[in-house]
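Encoded as structure tokens, the structure appears first; notes follow it.
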Amino acid sequence: MSSDSSGTTAAPAHQGDVLVVTDVVRRFGDLVAVDGVSFRIAPGETYGLLGPNGAGKTTTISMVAGLLPADAGTITLLGRAVGPRHTDVKRHVGLVPQDLAIYPELSARENLVFFGRLQGMWGRALTARVDEVLEIVGLADRAKDATKEYSGGMKRRLNIGIGLLHQPTLLILDEPTVGVDPQSRNAILESVEALSHEGMAVLYTTHYMEEAERLCDRIAIIDSGRVQAEGTRDELIRLTGELDRIRLTGGGDVPEAAAAVRALDAVASADADRHSVLLAVRDAPTAVAGVVTAATAAGMTLDDVEITRPNLESVFLQLTGKALRD
Amino acid sequence: MRTALAITSVELKRFLADRSNIFFVFVFPLLLVLFIGAQFGGGGGGRVALSGPDSSLTADLAAQLADDDAQVTTVTADDARELVARGRADVSVVVTDEAAAAYDAGDDVAVPLVVGNGAQSQATAQRVQSALDALALERGQLAALTDAGLSAESARQALAAADTALRPARMEITNVSEIAQEFAGLGQFDYGAASQVLLFVFLISLAGSTTLIQSRRLGVTRRTLAAPVTTRQAVAGQALGRLAIATTQGVYIMAASTLLFGVDWGNLALAFLVVVVFGLVAAGAAMVLGSVIDNDAAAGGVGVGVGLVAGALGGAMYPIELFPDSLRTVAHLTPHAWAGQALAEVQRHGAGLVEILPELGVLLGYAAVLLLVGAWVLRRSLARAI
Ligand SMILES: Nc1ncnc2c1ncn2[C@@H]1O[C@H](COP(=O)(O)OP(=O)(O)OP(=O)(O)O)[C@@H](O)[C@H]1O
Ligand SMILES: [Mg+2]
């Protein structure tokens, strides 16, 4: 699914896509940081860019946000060209940068008011929206304190609040949970889910595969500036050809149970030892009921049923030959 | 414009929110105005330590100097020299017995002066000299009249009548050096306030250029450019922000020194205009500094260094009028010298707009060049912020 020099990836246009990125390239000197990336995001969709450090996630985002010009390829947002010279279309994008881009000397409210003004918001409408966002990110009671006195998680939440302020069509979050405690992290993930349910399109980069799995409708696995694979979580995992595993543990007639489940269509293999049967199956959640029925009918008494499925980590490993985190 | 002004106001807000600025921006300049004022001594006439025998020369000289607004302290000869050495007096005058006798006899009078090295000392020495000249003249006139046959009493009365009639003419101090004339009628804190306005407007603007660098490093510049903001708006907002900081500093020192020390600015609106135009120069310089350097600590150091050196060279620490000629030429490479000259014209000589147009023109030239270069390098620095 990565594009090569022939540039054949342009997918058929879907009416109503919020963002369409086509064969985008960006070089820094000799380094090709982004090397022919294409993807599109539908309204209300959360799209993930999952890749290790230096993969080209932030560079891609800089181009999508109209900060960096692309050396080749096109980007359109709501059908309009995106780039540093296209100021007006930026109104529809909310960028939450990887680095905390807030003024430390100013309070949360002052930061929000400033960035709101840059979005062309003024007066009472701005004040009302600032209050609303302070509630959303849970900083209403600390709104007047200088942000340099905030905890890391609070700063992260304000960082996100600024991106939401002007109710953009596309919200871009560049690794928004880096350096955040588990509780704040969960709050951040929940608010992204809520925004997505409200219909906001989200472009989410991360190198945590759990986050990509939980949040993203579709995911692009990106490495060395190229999209290595793209699809829903399940599609990506299917790509590896790796099967789900079901382990049955218990007593009774274990060898007979193994033979019985092996005969099922969904089961590719079943190996028994004294107290358990390990099965390789397609789509374990669907197959498990039939497996349990067959095993008990064959005389096995079950103490435990355990399902394990391959995750994006294994997909990544297989695609790139390296681990997602170094 | 609204967008640019949003950037301007946030820059000013950050400047005012920075606690470490409070001392340097609001307290320190006033301390320096006070300090320089103390060097200048009380009153425009200078401080004279006078010692001498109980004689008509001593008494007449004291009266003449007091008439000329000088602060006269009568002490022993040793104390007189000590006061000058300590900077408590600008000049010491020791009337010897011979001088007193010569004065009474109508002969030439020679009085030793010890001149201190304060900013006001030379001017005060000139005042003492002209006081002595005036006394000698009066003696000579008196002698001429008595020689012509008048009684001593009638001669004195005639002279007193002539003196009253001539008073307005005597107000114009004759035979006094340029320097004394330059500072004549200047209040104790006037020079200090004018010079510190220039020193601090420039210094604080340059030091404040670090916020440009921090914005780039923090990523707020990037975020600003991700909003519907054109580069032009971002640059204009920053330029206006620098000017707002410079003007705030200038207006603060002008207002505080007027209220606290009674500084007289001459035509206040015109003095303010000079400070604003000078603020444009400072704003341009700050933009250049904050754009070409990427390390905020380094920029802060360079800013303070350049601000101090340019200030010293431009007469914002020591009156340029007291510089040797060659240095005075070099001094005019700094905007401070031109702004100082314009302020002096307004403050000391009641100059109007037309009289200071040349200085304003030079300052506007500096501002135009620095702002253009500043806008260009700032634009380039924005690309580095992405
Ligand atoms: N302004 C720049 N100048 C030169 N090289 C750059 C620049 N920005 C990024 N790069 C390089 O481009 C490559 C991609 O960087 P990018 O920041 O897009 O990666 P990333 O996927 O966001 O990584 P991370 O997870 O560490 O944020 C890296 O090799 C990086 O060093
Ligand atoms: Mg990144």
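Glycine too: its Cβ is placed from the backbone N, Cα and C atoms.
Curation plays no part in TrEMBL annotations; they are all automatic predictions.
The model shown is predicted, which means the values in this text are computed figures rather than measured ones.
Positions annotated as domain 'ABC transmembrane type-2' by TrEMBL: B:155-381.
According to TrEMBL, the transmembrane segment annotation covers B:21-41 (among others).
Residues 11, 14-15, 21, 24-25, 28-29, 32-33, 36, 238, 242, 245-246, 249-250, 253-254, 257-258, 261, 263, 265, 271, 275, 278-279, 281-283, 285-287, 289-291, 293-297, 299-300, 302-304, 306-308, 310-311, 314-317, 319, 335-336, 339-340, 343-344, 347, 378, 381 of the same chain lie 6+ residues outside the transmembrane segment (B:193-213) yet bring a C-beta within less than 8 angstroms of a C-beta in it. Marked as transmembrane segment by TrEMBL: B:193-213 (among others).
The transmembrane segment feature in TrEMBL is assigned to B:243-263 (among others). Away from its own ends, the transmembrane segment (B:243-263) comes close to residues 8-9, 11-12, 15-16, 25-26, 29-30, 33-34, 37, 187-190, 192-194, 196-197, 200-202, 204-205, 208, 271-272, 275-276, 278-280, 282-283, 286 of its chain (Cβ-Cβ under 8 Å, at least six residues beyond either end).
The transmembrane segment feature in TrEMBL is assigned to B:269-290 (among others).
Taken from TrEMBL, the feature transmembrane segment applies to B:297-320 (among others).
Feature annotation from TrEMBL assigns transmembrane segment to B:360-378 (among others).
Packing against the transmembrane segment (B:21-41) from elsewhere in the chain are residues 15, 47, 71, 87, 89-90, 118-120, 124, 188-189, 191-193, 195-197, 199-200, 204, 207-208, 249, 252-253, 256-257, 260-261, 263: each is 6 or more residues past its ends and has a CB under 8 Å from a CB in it.
Long-range contacts of the transmembrane segment (B:297-320) within the same chain: residues 119, 183, 191, 195-196, 198-199, 202-204, 206-210, 213, 285-286, 289-290, 328, 330-331, 333-337, 339-341, each at least 6 residues beyond the stretch ends and with a Cβ under 8 Å from a Cβ of the stretch.
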